[in-house]
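What TrEMBL says about this one:
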{"type": "SIGNAL", "residues": "1-22", "note": "signal peptide"}
{"type": "COMPBIAS", "residues": "318-333", "note": "compositional bias 'Basic and acidic residues'"}
{"type": "REGION", "residues": "318-360", "note": "region 'Disordered'"}
{"type": "COMPBIAS", "residues": "342-354", "note": "compositional bias 'Basic and acidic residues'"}
{"type": "DOMAIN", "residues": "413-530", "note": "domain 'OmpA-like'"}
{"type": "REGION", "residues": "527-564", "note": "region 'Disordered'"}
{"type": "COMPBIAS", "residues": "536-545", "note": "compositional bias 'Basic and acidic residues'"}
{"type": "COMPBIAS", "residues": "554-564", "note": "compositional bias 'Pro residues'"}
Amino acid sequence: MTRSLPTVLALALGLAAASASAQDARFDAQLFRPSGAPQDIVAVSQSRPLSNLSVSGGVYLSFSINPLVLVTRGGDSSKKALSLVGNRFQLDAMANVGLLDWAEVGVDMPLILFQGGDNLEAIGTEGTVEGYVLGDLRLTSKIALPGLKRRAEDSGWGAALTFNLGLPTGNQDAFASDGAVTYTPGLIVDYRFGMGLLLTANAGFWARPDRIFNGVKIGDMAPFGLGAEMPLLRTAGVTAVGALHGAVALTKLPGQARQIPAEMLLGLRWYSGLGITVTVGGGLGCGCSLQSPQLSFFTSVIWVPAVMSEYAAIERFKEPPRDSDGDGIHDDTDSCPDEAGPESRRGCPLRDSDGDGVTDDLDACPTEVGTAARSGCPIRDNDGDGVANEDDRCPDVPAGPGGKNGCPLARLQGNKILILEPINFATDQDILLSESLPILEEVSQMLKTHPEIQRLLVEGHTDSRASDEYNLELSRRRAASIRVYLEESGVEPERLCSQGFGRSRPVAENKNEEGMALNRRVEFTVLPPPAAGEPRCPEEPADKALKKKGAKPAPAPAKPAPKP
């Protein structure tokens, strides 16, 4: 049976359309996109741009095993892995230039020297992929962020923005091109430690055309990268490099697993003294994707002319970290690079500004001489009585020679001179005991420093033991003994009066020893100046009581005990 010409033409056009559709669905299968600056970490960039007007150039050679594998299902429901791109040997020729120490631009021209694979009949095309083709040309750029620009030999944070543009110069049929313009804005953040270790992270957005290939949607992706470089023999320029790079698919078909191609890389690098940087290493594919290579190997040679400032920057990086003060802490992390100090103080010495033996870091008063017991602070004594404020119950009142807990034995309060301790006499006598003399000395001193006190009444009081007459007499004689002592200590007699009140004015119950001890007391009362015609001293209650009973007045008081 012969077919009509229109039928044959329609079949031919249908096959051609199917073939064209299969070819249009192809994409760039290359995951490895090297970074061209001499201190970039293979496929992961670091933030520092090349020095101003410095030029670098070189090549990356990479060999990937099974970078594109398709799993097909046979008629018997068995699965088969089809290596669309079985082995790929690629060369990337790259050049970069630095601008103003802030920016860097570059170009990367990939050339596939050889690639092989299985027959492509499973995707509607006979034969294998073409083995010698161009890839998509990449234009790269990097600009450091203000405040986060770091020199080659410096430690600290660094950050930069990137923008890469892909031009469709490659062979799409050979899975070496996306067949359209692509672009990738991104961000780099890194940190270099004082001993030379560099950690860097890359993230971005890869805008590429949508392709549906054998039920898998390939389109926009979010590339990522983590890298590290660790000096091994720094002065010899030998370092170890490692990276994890890949991309997360941002689009997918319903029911399709999300594509996350990724690759782990590890290698050695040598910064030679000729301006040539050589890196060799290998990688292992990981992640969920049809375009993660099983294994890969790479080598690169990047050259920076010796006349370029970038050459000098790399040579400075190879120098051992400077330690000007020899304290074992590198100058770039030493807060006091010219003074030796421990690591716990970031290289600064233990200072003792006030020379009290307590270092400033432990000294609560670093500019005042103090003691270790007080955390470097001085013993403060506001009233100058020799009792520290912290132990002084009266920090603003001098205690005097006989003071207690920083308080004076006598103090003026209202119309009273209050005493801290009782004044003691010999039992049933008016003889002062020596232990009470310091109290009277302070009372005397107070009167001398307070001339406005024109009259002071010394009051004697007793407990309830013995008769009223006896207590009145005893209290009178004791009060008089104190008055005489004050006169002999230099207080004007006309300013002093004394009275005995016996047991007539108790301040506590006389039922026990404690109460009676409180009632046996001496009080000092400040009297106002006498009015006209008023006697200098008030009449004593004892005289009144004795007169009422017809008794004779009590005899003059005995002499007080001599001063110690």
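Keep in mind that glycine also has a Cβ here, set from the backbone N, Cα and C atoms.
Because TrEMBL annotations are produced automatically, they should be read as predictions rather than curated entries.
Bear in mind that the values here come from a model prediction, so they are computed numbers and not experimental data.
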Task: Number of helical, extended and coil residues in the compositional bias 'Basic and acidic residues' (342-354), per DSSP - done: 3 helix, 0 strand, 10 coil
Task: Average pLDDT across the domain 'OmpA-like' (413-530), rounded to a whole number - done: 91
- [ ] On the DSSP side of things, how many residues of the region 'Disordered' (318-360) fall into helix, strand and coil, could you say?
- [x] 7 helix, 0 strand, 36 coil
